[in-house]
Amino acid sequence: MASRKITTPTADGYVQFNDSVVVNSSFLSHSINNDGEAMEGNGNLTERSNPQTEAHAEVELTPVTSDLLNDSPEHWEMNFHEAAIFLEEGENNEKFDSHPHHPDALPAYLLVHNSWYYSLGLVTSLILMFLAVTEDPAVPAFQLPVGVHGTIELFALAVVGIEVSLKLRWIGWNTILKHKRTMIKCATLGIMCIEAIIVLIRQSSHFRATRALRPIFLVDTRHLGGVRRFIRQILQSMPPIFDMLLLIFFFVSIYAILGFFLFSDNPLDSHFTTLFDSFVSMFVLLTTANFPDVMMPSYSRSKWNSLFFISYLCIVLYVLMNLMLAVVYETFTSIEKRKFRKLLLHKRKAAQQAFRLLVTKQHPNQIRFKQFEGLMRYYSPKKSARDVVLMYKYLNTSRTGVLTMDEFYNVYDAVLLNWEAQYSNIPWYHSAWMPLQSLCQLCLNVVRWNYFEHIVYVLILTNGLAMVSRLVNQYTSLEEAAHFFCASWDTLLFYGVFALEVMMKILGLGVAQFFESGWNCYDFAVIIATLFGVVIINSYPSFIYVVVFRPLRLLRLFKVKKRYRDIIGTLALLSPLVKSAAIVMLVLYYFFAIIGMELFAGYDMRNCCNGTAVEDFYKYSENGTSALGYYYLNTFPNLAVSMVTLFELTVVNNWFIVMNGYASVVHPATRIYFILFYLTTMVVLTIVVASVLEAFRFRIQYKRQTTKRDEEKLLHEEVDLKWEEIQAWVFDFQLLEKLRSDLIVGGTATYVGCRPRNREVLQRKMYQSEIESWMREAASADKL
C-alpha cells in the first residue's frame, strides 16, 4: 500500500487542520518498489528511503502512486480502503496525522473504529452516567450496594481504558499529548479509577465531585460529534462573552458600592447591609428576580431613590445584556462562515490525498472508473452499481471518460445525490390492475385539484371549532370531558375525513412520493396518534392524556402563511443544533446536580432560615403549608430532584430564594455555586438564541436571493447515460450485465439526482462566490 495511514470517522471537528502529514517510513516501505523509490503524482522521483536505516524515522508524506505497488488486487484494495478513509477524514474534519505508523497497529485501529465498538462506547458512557441514580444519595428503591455499583463503575472504566490503550497502538503518546480532549479524558479516567478502587476498599463513598466529569466519556463518543462541535462553538464564543461579562460586572460592582453607601444605614433594608450583600442583591436584580422587592425599602424613604434602580436596569439589563447578545450573534455568524470554509478546504485536501492513491504512473493526473468504483466500495458501500456509474458521469464534466483532480474535488457532492430515473414521474400504478389504475388516477386528479388544499384547510378549521364547542360544555368529570373531546362522533367524523385524505394521497402519489413530504409524514403521524387516542380513551377512560392528539392537526393551518413556513423551515435547519444544545444542557444539569448533591444532600430545608428575608418561603407544617412555603422542596437529595431544582434556577423566577436559603443553612459562600450555575446556563442559552437568530437570518437571506426555479436547479442534477459511452470506460463485463436492467442498450437513459435540503447544501449556494475565491486561493497555495 502506498502509505498505509488508516483514519477514523470519529471526527468531531475540534482540532484545526494541520497541513503537515507524516507517516513512519517503515510503514511506507511496505508499499514502495524494490529500489526504495517513491514518486509524486507526476511520476517524478522525489525521495529515496532506506527501510533498514530509517525504520523508525518519520518522514514527510509524499504522494505515492499505485505503480509503486504490485499490480495485484490486494494492493489495489488497500489503496481503495485508504483513499476512502481519507475522504472520511475530510468529511469529519479529522486530522491526517493520527494514522497507524505500522501494519501491526492496524488490527487495533480496525477494532476500535467499527459500529459495534461505537455502540459499546456509547452504552458504557451512559452506564457510567446512570450510576449516579444508584449511588448515595439516591432514591432508596434504586440505590445499590457500594460493592455492586463500584464493580460496575470499574468495569465500565476498564472498557474506556481499553479503547485508550488501543489508540496508543497507532497514535502514540506524542500525538495524544497534543490532543487536549484525549488528555482530559485520560486524566479523568485515571482519577475515577483510583476513586472507584478506594470506594470498593472502604465500602463507602466519600466526597466524589469528580463524578460530575462522567459526561466527558459520553461527549467523546462517535455518536455525539454534533455536541462536540456545539461545545467548540461555545468555547470560540467565550472571548467576547467574557469581555462583556467583565463590563457588566464592573457596572454591577459600581452600583453595589453606591447602594451600600446609600442604603446600608436603613435598618429595615437587609439587601445592602454589607458590601457582599449589596453585590449579591445587585447581581440578582440583573435577573429581575427580586424586583421590585429590593427597591421598596429605599423607595419608601425617598421616591428619588427609584432613579438608582431604574438607571441600573436600563444600563445593565436593557443595554449591556442585549449588547452582549448582539456581540455573541456577530461572533457566532463569523464562526459559522469560518467553520464552513475550513471544512470545505479540509475536504479539498482529503480529496487530494485520496486522488494520489488512485492514479497510476502512466496516468498520474487521472482516475479511471475502475479505481473510482473500488473507492466507492469502501467509502459509500450502500450505493448501487448504477449510482456509482451516475456519480462518475456527474463528476466527469469534461466528458473525457477519466476524472481529473478538479473534477474529483466534487466527490462529496456526488455522494449526496440520490438518483431516480427521469421516467419515475410516471404514476406508480401504470402497470397495475385496470380498475385500480382508474381509482388511483381519480385520487391523483383530486389531490392535484387547485381547491383540494383549500377544502382540507376548511375542514381543519371546522375541526378546531368543534373542539372549542366541546371544551366550553359542562361535564360531570374529567373522564367524561376527555371522552367527548377525543372520542365523540365529531372526532370520528373528522378522523375519517382526514384518513380519507391521507389514503387518497397515498393512492394517487404512491407511498414513496407521499412520505417525501414532511407535512405528509406529519399528517400521517397525527392520524395514527388520533386513532391511538380513541382506542385508549375507550379502553382506559382514566388515561386522559391522549386528549393532546386531536389538536395537533391544527398545526397544518400554520402552513398557510409564509412567515410561519419560514419559522418551521428554520426549525428544520436548527434541528441538529437544537439536539446538540439540549444534550449540552443535560450535561450541564448533570454536572451541577452531582456537585449539588455532594454539597447539599444532607440538609433539611423545612422551617429553615429563621430571621432572614426568605423565612416565610420555607415554612412547613404537617397540617398544611402556606402559599409561599413550598421552597423546602427545592433540595438535592437525588439526581432527579436535583435536576428539577436546577431547572427552577434556570427560569430565574425567585431563584435567589433558593440561593439565600442554602446560604443561611450551609454557608454564605454557597452563593458561588448558584451564581456560577446561572452564568453558565446564561452563556449557553445566549449562544442558543444567537444560533436561532443566525439560522433565521440565513433562511430569510437565502429565500431573498434564491427563486423556486433556482432552488430546483440547486437540489437536482440531470445526467444522461449512453450505453456506448459507458462501454468506453467500464470494462467489467459483469458490471455491464448488472447495468443492462437500468440502462437502455443502444440508447440514452436520463436520471435525476436529488440533494438533501440541509444547511450545508444551502450554504454552498449562499457562499458560491466566496467558494470560488477560496478555491483559487487554495490552488495558488498548492502551487507554492
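One-based numbering along the chain as shown.
From the backbone N, Cα and C atoms, a Cβ is placed for every residue, glycine too.
Bear in mind that TrEMBL entries carry predicted annotations, made automatically and left uncurated.
These come from TrEMBL:
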- 33-56: region 'Disordered' (REGION)
- 43-53: compositional bias 'Polar residues' (COMPBIAS)
- 116-134: transmembrane segment (TRANSMEM)
- 116-339: domain 'Ion transport' (DOMAIN)
- 141-162: transmembrane segment (TRANSMEM)
- 182-201: transmembrane segment (TRANSMEM)
- 241-263: transmembrane segment (TRANSMEM)
- 275-295: transmembrane segment (TRANSMEM)
- 307-329: transmembrane segment (TRANSMEM)
- 450-696: domain 'Ion transport' (DOMAIN)
- 454-472: transmembrane segment (TRANSMEM)
- 492-512: transmembrane segment (TRANSMEM)
- 524-549: transmembrane segment (TRANSMEM)
- 570-595: transmembrane segment (TRANSMEM)
- 672-696: transmembrane segment (TRANSMEM)
Same-chain residues at least 6 beyond the ends of the transmembrane segment (672-696) whose Cβ lies under 8 Å from its Cβ atoms:
233-234, 237-238, 241, 245, 283, 287, 324-325, 328-329, 331-333, 336, 566-567, 570, 573-574, 577-578, 581, 584-585, 588, 592, 595-596, 599, 646, 649-650, 652, 655, 658-659, 662, 759
Leading contact stretch, 116-134, 275-295, 307-329, 524-549 vs the transmembrane segment (241-263) - CB distance under 8 Å:
307-329
Grab the same-chain neighbours of the transmembrane segment (275-295) for me: Cβ-Cβ under 8 Å, and only residues 6 or more beyond its ends, written as numbers and ranges.
248, 252-253, 255-257, 259-260, 264, 305-306, 309, 312-313, 316-317, 321, 652-656, 659, 668, 671, 675, 678
With Cβ-Cβ distances below 8 Å as the criterion, list the same-chain residues six or more beyond the ends of the transmembrane segment (307-329) that contact it, or say none.
237, 240-241, 243-245, 247-248, 251-252, 255, 258-259, 262, 282, 285-286, 288, 291-292, 294-295, 298, 686-687, 689-690, 693-694
Between 116-134, 182-201, 454-472, 492-512, 524-549, who has the most Cβ pairs under 8 Å to the transmembrane segment (570-595)?
116-134
Hey, which of 182-201, 492-512, 524-549 has the most Cβ-Cβ pairs under 8 Å against the transmembrane segment (454-472)?
492-512
When the pLDDT values for the domain 'Ion transport' (116-339) are averaged, what is the result?
87
